[in-house]
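Asker: Here's the feature list from TrEMBL:
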type	residues	note
BINDING	B:ARG88, B:ARG132, B:LEU133, B:GLY134, B:THR135	phosphate binding site
BINDING	B:GLN211, B:ARG213	substrate binding site
DOMAIN	B:48-297	domain 'Nucleoside phosphorylase'
2 protein chains.
Amino acid sequence: MDGNVPEPSSSPVCVHNPHLETLKDDILYHFSLGTSTHDLPAIFGDVKFVCVGGSPSRMKAFIEYIAAELNMEDPKSEYPNICAGTDRYTMYKVGPVLSVSHGVGIPSIAIMLHELIKLLYHARCKDVTIIRLGTSGGIGLEPGTVVVTKQAVDATFLPKFEQVILGKTVVRNTDLDQSLAEQLLECSQELNQFETVLGKTMCTMDFYEGQARLDGAFCSYTEEDKQEYLKRARDAGVCNIEMESSVFATMCKMSGLKAAVVCVTLLNRLKGDQLDSSHHVLQNYQQRPQILVGSYIKKELGI
Amino acid sequence: MDGNVPEPSSSPVCVHNPHLETLKDDILYHFSLGTSTHDLPAIFGDVKFVCVGGSPSRMKAFIEYIAAELNMEDPKSEYPNICAGTDRYTMYKVGPVLSVSHGVGIPSIAIMLHELIKLLYHARCKDVTIIRLGTSGGIGLEPGTVVVTKQAVDATFLPKFEQVILGKTVVRNTDLDQSLAEQLLECSQELNQFETVLGKTMCTMDFYEGQARLDGAFCSYTEEDKQEYLKRARDAGVCNIEMESSVFATMCKMSGLKAAVVCVTLLNRLKGDQLDSSHHVLQNYQQRPQILVGSYIKKELGI
């Protein structure tokens, strides 16, 4: 803030942990970064958009894409991995945009988010928007459709995330920022390059039995059971299924991050389970969330 | 089998899914392998030992280590990643040993195991031993101690894994092969290079709040609450905490794989939460499970 003029719209990234104040040094182990080894405000203080996704190579491709879109390309096209000291997660930065991989599933993204939230807090970042760009299975949608998540729900279609703390289950809500979701939908309509819908996203702990697939190593139910389950999900408003949205929504909400989930559907689960589209088609689909989010970021930056 | 002589000790890798028979092709999507694109029996038919671990680079280091131990080194030291078509998991092979990374947490290792079990089944592998080589937090043990898991337990110290199928919770057991655990302990005593103990391993869904750490982005409990929880765990026989053992035990048991979990403890959780040992010390600790498992494999192969 300049002088004494209040800045009413400024929203910091929050931690909720009094113990952090007592730490002399905070080691962000899974990033291979730390408060005593890195000047986090200098490196990350200008971050306004954090984009996260499961695959390291996809998040590298995203930083190259967004650099070109923002006319901030490195002439040598070199985007160093900020987390080069570890192979758990990868991180890239161009101007106000940070791109971070999170691996597969709730535990993997939760570790990354704990350390990311502390990183943004230590760096004194303000007004940060975070978007998960992912892949998913669609329910009754044409493959390639992009789903902007209205609400993340669990495998019983309820908007909650269960976290076990000291052996006891704590239930947390999975609300996402509705206005951000609407803005992303609007961006997609302006782009007019692919179908985008707003809907609920089911977040599961398993890709095979947990998503009613018939092609895992184990399966004790029938095609009819599967169809009945997926149709109940669809009737509850579920458009797609993935494995990270619930804890992502919960943790971002708790830390004051404006959050959205944008996933492309790679197949229509009512018609099959195997990802048998060609590599080329799947690659094309996976670019859609990044095109949409790139367009949103440009609009927000007035480019 | 030769002729009509029965081979009573031969134990195949099993799937439990009648639907697999109806698949013309089985695409192991997260490995970028498949039954119509790869001759799985030719590539993997001789596999007898599968070693898995979270970190891709650690599993590459393991294949290089085991190749040297078995005198099967590639003169050019080139060990190609069999899953080069994807960045989700990495896989290396030397003779009868397969080394596969599984990422962080139950959902990530579960996807890998579904596809690995199908791979070994399609390849008609028999008498396969699988060992997870990992890192963990110890409870009351000197850092660097190796724990061979006697039983995997959940955050309430019970030997069970809860899997949600079609929205309903199914409880599965987490037994591991006791004789394999004993053999590994014996190997370590013969090696006499580092402390190894047999004990229960607690498997959690989260690294911070889920393991009673005080240094996450969120923490609503006190140091006393943390100590009380970890001491209750210790009193229940828990020696260490990690994030994959329960589903690993469950799935390996279901598929007829002889399974063990061997994790080094990187710190004593009763004394702290942060991983603040030097890189060199942590690297040294992480080699211990591979030294132990390497010694076991050599002994089994009569080398």
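Every residue gets a Cβ built from N, Cα and C, even glycine.
Automatic prediction, not curation, is the source of TrEMBL annotations.
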Asker: Which residues, sitting 6 or more apart from B:LEU133 (phosphate binding site) on the same chain, put a CB under 8 Å from its CB?
Answerer: B:CYS51, B:VAL52, B:GLY53, B:ARG58, B:PHE62, B:VAL262, B:CYS263, B:PRO289, B:GLN290, B:VAL293
Asker: Rounded to a whole angstrom, what is the C-alpha distance between B:ARG88 (phosphate binding site) and B:GLN211 (substrate binding site)?
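Answerer: It is 26 Å, counting Cα to Cα.
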Asker: Measuring Cα to Cα across B:ARG88, B:ARG132, B:LEU133, B:GLY134, B:THR135, which the record gives as the phosphate binders, how far apart are the two most distant ones in Å?
Answerer: 20
Asker: Using the alpha carbons only, what distance in Å do you get between B:ARG132 (phosphate binding site) and B:GLN211 (substrate binding site) once rounded?
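Answerer: A Cα-Cα distance of 20 Å.
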Asker: Quick test of understanding: given the binding-site residues B:ARG132, B:LEU133, B:GLY134, B:GLN211, name the ones whose C-beta is under 8 angstroms from chain A.
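Answerer: The binding-site residues close to chain A: there are none.
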Asker: Between B:GLY134 (phosphate binding site) and B:ARG213 (substrate binding site), how many Å separate their Cα atoms?
Answerer: 19
Asker: Please compare the binding-site residues B:ARG88, B:ARG132 by how many other CB atoms fall within 10 Å of each one's CB, and tell me which has the fewest.
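Answerer: With the binding-site residues B:ARG88, B:ARG132, fewest surrounding Cβ atoms within 10 Å: B:ARG88.
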Asker: Quick one: pull the CA-CA distance for B:ARG213 (substrate binding site) versus B:THR135 (phosphate binding site), whole Å only.
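Answerer: Just about 16 Å between their Cα atoms.
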Asker: Roughly how many Å lie between the Cα atoms of B:GLN211 (substrate binding site) and B:THR135 (phosphate binding site), rounded to a whole value?
Answerer: 14
Asker: Quick check: in three-state DSSP terms, what is B:GLN211 (substrate binding site)?
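Answerer: In the DSSP reduction, B:GLN211 (substrate binding site) maps to helix.
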Asker: Near the Cβ of B:GLN211 (substrate binding site), how many other Cβ atoms are there if near means within 10 Å?
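Answerer: Neighbour count, Cβ to Cβ under the 10 Å cut-off: 26.
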